[in-house]
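**Student:** Okay, handing you the structure first.
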Amino acid sequence: MTDSSTDPSLSFSDAITHARGGNDLSAEQTGALIDAMLQGAANEEEVGQLLLALREKGEAVSELVGAARAMRKHMTRIDHEHDVLLDTCGTGGSGSGTFNISTAVAILASACGVAVAKHGNRRATSKTGSADVLECLGVKIESEPDQVSRRLNDIGICFCFAAKLHPAMRHVVSVRRKLAVPTLFNLLGPLCNPAGATHQLLGTAAPETQQKIAAALAELDTQRSYVLHAQDGQDEVSLDGETSCIEVASGTQQNHTWTPADFGLTPVHQNALAAADPPESAEIIRNLFGGSPGSHRDTVLAGCAAALRLVGRVSSLTEGVEIAAEAIDSKAAQDKLKQLAE
């Protein structure tokens, strides 16, 4: 793929032609086009054609960076007092049908003393989105921004509901629904946390997506992030084989590969993690925070261990597992969930 032009701006029709020709748009060009979309100043037919052209070509890193910068300008920001802030929002789209692992990891990490702003939405391609399961757990997902900010400062965790905090997305809802396929916007959620997360444990559904997201984060303002893709296809830390992790820090990238042994845990096949719907996912999370042993617990311990290592709370994954297990066994995780639902 090549950069389409040195021209800092392109019309929608020109951008569509360039993308259909296999040319990547620059960050500046993409940003201007996304900005027009989010202001409601773009023709819906051209928006759809451009999104499809980018999808068919394959979204470039420059396009992700430009789109993320534009989307961040339009989001409702959540103010807070934390210097270190974690998000566990991933791209979704793995089709694995598991319970909401990243949501459980977010709550457990908060119980371990890490400030967390969990960004998420209702289900799109999965059986249960983070907003759906949190609603089943009694969390008020549509709180006003000042309430979200207060919750983050007071108890160290909040839920940033994408549908509420990205109001400009209303301008592209119709065309995305008509297209009915994943587009550039499906990759932007993890890059646009309304609270400005400094650290991200970010799962991706495909190796090529993992590489693009990591490269985009290196150009954006992440302090340190782990971009994940598991050998079994999960967009999480997996205990079913190897998990690839690209560590992004200070604009540089470093590759890691983790196995269950690195966590001191036994393998878990992803079939053991299935959840049919949000209520079942919520019940799994309640039970594991209640102390139930087994595959669900071990998988969340592994994810939390990675999060704790990411923010510098521990120096090893096995130490992270020990601290996360203590947070469950002491009922700190259960208490944190109750606080979040109050």
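Here the Cβ of each residue, glycine as well, is placed from N, Cα and C on the backbone.
Annotation comment: Swiss-Prot describes G90, 93-94, T98, 100-103, 118-126, S130 as 5-phospho-alpha-D-ribose 1-diphosphate binding site. Residues or ranges marked as anthranilate 1 binding site by Swiss-Prot: G90, N121. What Swiss-Prot records for S102, E236 is Mg(2+) 1 binding site, and it gives sequence analysis as the kind of evidence. The anthranilate 2 binding site annotation in Swiss-Prot covers R176, and the record cites sequence analysis as its basis. Per Swiss-Prot, Mg(2+) 2 binding site is recorded for D235, E236, and the stated evidence type is sequence analysis.
For each feature listed, report its degree of burial, its nearest neighbours and the pertinent distances within the displayed model.
**Tutor:** In sequence order, G129, A131, D132, A163 are the residues of the chain that are 6 or more apart from R122 (5-phospho-alpha-D-ribose 1-diphosphate binding site) and have a CB within less than 8 Å of its CB.
Around N121 (anthranilate 1 binding site), taking its Cβ as the centre, 20 other Cβ atoms fall within 10 Å, counting all chains.
Within 10 Å of the C-beta of S102 (5-phospho-alpha-D-ribose 1-diphosphate binding site) there are 25 other C-beta atoms, taking all protein chains into account.
Sequence-distant neighbours of R176 (anthranilate 2 binding site): residues of the same chain at least 6 apart with a C-beta under 8 Å from its C-beta are L51, T183, F185.
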**Student:** Quick one: Cα separation, D235 (Mg(2+) 2 binding site) versus G90 (5-phospho-alpha-D-ribose 1-diphosphate binding site), in Å?
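**Tutor:** Pair distance, Cα basis, whole Å: 7 Å.
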**Student:** Measuring C-alpha to C-alpha, could you say which of the binding-site residues G90, S102, H119, N121 are within 10 Å of E236 (Mg(2+) 1 binding site)?
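**Tutor:** Cα within 10 Å of E236 (Mg(2+) 1 binding site): G90, S102.
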**Student:** Using Cβ atoms only, which residues of the same chain lie under 8 Å from G90 (5-phospho-alpha-D-ribose 1-diphosphate binding site) while being at least 6 residues apart in sequence?
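**Tutor:** The answer is S102, P190, L202, G203, T204, L228, D235, E236.
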